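Note sheet for the following structure.
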Amino acid sequence: MTEQHLPEPPGWALKLLHWYCKPRYLEAIEGDLYELFDLRCQSAGEKVARRGFAWDVVRFFRWKYIKGIENSNRLNQFAMWKNYFKISLRSLWRQKFYSAINIAGLSVGIACCLLIIIYIKHDLSYDRFWKDGDRIYRIAINDRGPYTPTRLGSFLKSDYPEVESYTRLNGLYDFSFAIGDNVFSEPGGSLADSTVFEVFDVKFIEGTPQGALSEPNTVVLTKSVADKYFPHETAVGKIIKSSGDAVKITAVVEDPPANSHMPFKYLVAMPHEYWATTGWWTGNNFFTYVKLAEGASEEAFEAKILDFMRKHMAKDLMETYHYDNFDDYLASDDSYRFTLVPIQEIHLNYPRLTLAESAGDMDNVYIFSAVAFFILLIACINFINLSTARSGSRSKEVGIRKVLGSVRGELIRQFMVESFLISIFSLGLAILLSLVALPYFNDLSGKQFQSTDLITVDNMLWLTLLLTAVGIIAGSYPALYLSSFKPVAALKGELKSGKSGSFLRKALVSFQFAISIFLVIATVIVYQQINHMTNQKLGFNVSNTMVIKAGSALKDSGPFFRSKLLENPNIGGVAASTTYPSQFVGDWGYSTVGDVKDNYSLYTMFADSYYLETMGVELAQGRFFSRELASDTASIVLNEAAVRELGWDDPIGQRLERTEGVFTVIGVVKDFNFSSLKRKIGSLAIRYDAEIHKTKWGSAYYLARVKGSYQETVNSIGELWGTIAPEEPFDYDFVDQAFAKLYESEAKFGKIFTVFSALAILIACLGLFAMAAYTLEKRFKEIAIRKVLGASVFSITTLVLSDFTKLILFGSIIAVPLAFYVMDQWLQEFAYRMELGIVVFLIPVLAVTLLAWLTVIYQSFKTATGNPVYALKQE
Amino acid sequence: MQRINLGEFEELVLLIAAVLHDNAYGISVLQEIEAQTGRQINISAVHSALDRLEQKGYLKSYLGGATNERGGRRKRLFSVTASGAKALSDVKEMRNTLYDQIPKVTLKLNFV
């Protein structure tokens, strides 16, 4: 026979087998496979045999035949690691008390951190979900507010190719719907151009974006609203009545996510065609959004808007503000520019632009990040302190290990494993804790986080990184320090107390207390400031003023409604106005009358003649509007702040001018807070409108002074409303509650801050508790000898306490100046600030000291009262 | 009677190993099973069963001599231990006892 090709099994399969198979079984398996291969070669040919061989190799990949770690070449290493774990677990178990405190502190710290991280991440995630969200911009007028001219968007799109699409929104309003005989008032309605879906990729459930809002009297509902009113049927195509118009539902879309700055619940088509085609360039009524084309530069486009203004708006602007030359106007204080605001920044950086109820705050993001960091730091310090302190008592173990042949690297690994085990236990516990705490945290923060927000790949990755860092930092000191011991010295007990670490420990404890004291001071100041604001005198009757909204629905029955209200014995007075304190007031431009026209911008509201007496606002000069004088529509009443701004010594009789006429000042009211106390009282102009219910200047509100029971009054007014304006739901508010709402975000901030500060202090005390226990354990004999020599329980207790007190005082020396500086900065944003007295600093220091004493005193007392015999008879 | 811990396939493999007497190893067992029962089995299953039986003490194994076949690899030969033999006879006995107790009627109805 000649030399011929011998069939061979596939090499890779053999390699694979060699790689995974336990050496014990390898030979027999390989032999059998070869034999099978040969058999198959004869019966079915080489190809089939090779395939069969490979398949069999794969089939042998069973648990039983796979090499275990013990089969690896680095056998000894593995055994050592196993040993490290075993010893670590034993030593953790032996020191139950300290391990428990370490793990408890660290896990509470990590849980806090985790919750704060999801809070911050939520705040940072606003409007990130829109497709092309990074190209969508809101156009804002610098420092004049969120509204922009009617035709801005459409003209920009036709003038500049980089504008891919634009849309206008307006709202959010409460619209009322009538479905059958039932009338509902539904908040969260926004007027929108039909182009809204070109800018925002709203997901359609039923219907299509094309033509969804292109005609007046059409509405697009979100799923939640559609399900609410049409639970078991399709909403599309249904007709609902809204303020007398028949409105058709053209589509149902998904609800915008919670992290949207425009949480609309339904979109209503723009009601009039002319809203899109006409409009003054100086009248700002809409929110304009543009989506820039891909690659278009924001800065370059922003710069072009100035040319745009010159081209389209110059005429209107010069007329309104009385300039002959547009460049003069641009150079003046009256001028404004359009700026592009990326929508993704609105939530955190532009609270005035958001449509959502509460805006985020970049400062809060920073503050909470700092708090999370501090809490974790305190927990880590505990960890480091305890492990360094305890390390002293393990010097003998280190000595023995070294004698038995451990090299330094192995000892380092041993202590690192211990430190990592604690981190890992803490992580597990922390995740459990944060899951348990989640509902409470939701209450606190007013957000709706799910457990799925908590346990995400991202978060876990973060935490693992964090824990690795903590493990290394906390483990490195004992690992490096202990492993450097000379075995003889260690065994002789010369290194027993771990002295060289004691300075570090003291410094770290002081630092912990510095953080705690800082946090308490901050909490106290935040609360005092909120109290300070809510207790501020507002300059009018806050407590019993009821607001009845949607007054324009009364139409001609306004006066009748008013007279009916006054018949109610519970009502002391009724006024009507276009706004009510705590709400938004528009600022309007006025100019002085004369040769030189000065321009001013005044917050302007309209009121009837009863406003002053009903609201309890005091008159400083002149008179208020009179219902006998129809000419009072050409009169104007200013507040003192406005008079100061206008610089008039004798304001009565002076005149102000606007496009719609000339107004004579007839009176001046004392300053009262018509908006938030975060701002100073602005310059206010009140104008007369005897028939607010028919006003064309804004919404109409009736303000009623309530004398009797609130509930009774609300009920009776509700009934009255139902008979006069049945197609409009009765909606009301109380001024004091509306004001409280303005500080809701501060109150929420205060609450979250308090909880986390309390936890920080708790963790610090936990550490102190363990440190005290350890110190006393070390000084057990010393104290016993002191007692034998006649020291009293009191003197011993104070001896121990004074050691810790020094640390706290040292901490407060760092904390107080820092707190003063930081909180002073924080207070700067409030127009009405509390005084930073000595008390707000002293009380937290004392409180923390007291708390620390309470932590330590039990143990020191126990040690001090113990019988010295037990301490001394050892050995 | 003590409980005998034998699965169906294990019992089959143990029986075949006993039948093959001196020449029971992976391939021979596999081929014998195929020949006797017509069942198609993967070689890894046979190995796994043989190892399990060895663990239970019903089989013992030793490495045979090297040959030129099988790429020069030695065979791992199995032989039935005393407890293996006892297990087989116990199982058989129990089967027989139970089978004898079946009323004749049932058998007729079902099998005839």
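Each residue's number is its place along the chain shown, starting with 1.
Cβ atoms here come from the backbone N, Cα and C positions, even for glycine.
Since the structure is predicted, the reported quantities are computational estimates derived from the model, not experimental observations.
Copied over from TrEMBL:
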DOMAIN    A:99-305  domain 'MacB-like periplasmic core'
DOMAIN    A:370-485  domain 'ABC3 transporter permease C-terminal'
DOMAIN    A:514-673  domain 'MacB-like periplasmic core'
DOMAIN    A:755-868  domain 'ABC3 transporter permease C-terminal'
TRANSMEM  A:97-120  transmembrane segment
TRANSMEM  A:365-386  transmembrane segment
TRANSMEM  A:420-441  transmembrane segment
TRANSMEM  A:461-482  transmembrane segment
TRANSMEM  A:503-527  transmembrane segment
TRANSMEM  A:752-776  transmembrane segment
TRANSMEM  A:836-858  transmembrane segment
In the domain 'ABC3 transporter permease C-terminal' (A:370-485), how many residues does DSSP put in helix, strand and coil? 103 helix, 0 strand, 13 coil
Best-contacting stretch, by C-beta pairs under 8 Å, relative to the domain 'ABC3 transporter permease C-terminal' (A:755-868) and drawn from A:99-305, A:370-485, A:514-673: A:514-673
Looking only at the domain 'ABC3 transporter permease C-terminal' (A:755-868), what is the model's average confidence as pLDDT? 84
Would you list the DSSP helix, strand and coil counts for the residues of the domain 'ABC3 transporter permease C-terminal' (A:755-868)? 96 helix, 0 strand, 18 coil
